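Visitor: Dropping a structure here in C-alpha cells format, bear with me for questions.
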Amino acid sequence: MWKVSALLFVLGSASLWVLAEGASTGQPEDDTETTGLEGGVAMPGAEDDVVTPGTSEDRYKSGLTTLVATSVNSVTGIRIEDLPTSESTVHAQEQSPSATASNVATSHSTEKVDGDTQTTVEKDGLSTVTLVGIIVGVLLAIGFIGAIIVVVMRKMSGRYSP
C-alpha cells in the first residue's frame, strides 16, 4: 500500500515542478533602460542619482552592469511630474516640501505603444519564487500530516501490517 502513496507523492510533486519552472527569472536588467539615457550618453537617474555604466544600443547582450553613485547629496529641484512614481507617492511628496529622494536603485523600462511612452517599474522574481516555495511547503506539510494520520488510523483499527 505504501507504493501507491509514494506514486501519488511523485506525481503530485512532478506537477509542482512544472509550475516552479515557469517562475524562474533572468537577469534583472535584461530589458530595462536608464530613464536618463539620451543619445547613448549615460546621465544620472532623476530619482536616485545613479549612473548605469555599460548601457549601450545593444541592450539584449548579456553582461553584468554595476550601479555607481555619482554623489551622496539628496536630489532637490526636480519637478514631481518627471519622477516615475505612483500617485500615492506623488501626493505625499506634494504635501511635504522637504521630502528627499531615497537612495534606492530601481529598474524602469520605457515602452512605446501607439506613439505613447509608458514607464513601468519591474519587480524581480524573488517574490514569485518565495510564494511558490511557501505553497509547495504547505502542500508537503499537509501530505506528511495526512500520511501520519492514515498510518495511525490503520494501526488503531488493527489492519496495519508492516
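Quick reminder: no glycine exception, Cβ is built from N, Cα and C everywhere.
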Visitor: Of the ranges 13-17, 68-72, 133-137, which one does Swiss-Prot list as region 'Requires for dimerization and lipid rafts association'?
Guide: 133-137
Visitor: Pull the DSSP breakdown for the region 'Requires for dimerization and lipid rafts association' (133-137) and write it out as helix, strand, coil residue counts.
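Guide: Taking each residue of the region 'Requires for dimerization and lipid rafts association' (133-137) in turn, the totals are 5 helix, 0 strand, 0 coil.
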Visitor: Tell me, roughly as an integer, the mean pLDDT over the region 'Requires for dimerization and lipid rafts association' (133-137).
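Guide: Mean pLDDT, the region 'Requires for dimerization and lipid rafts association' (133-137): 95.
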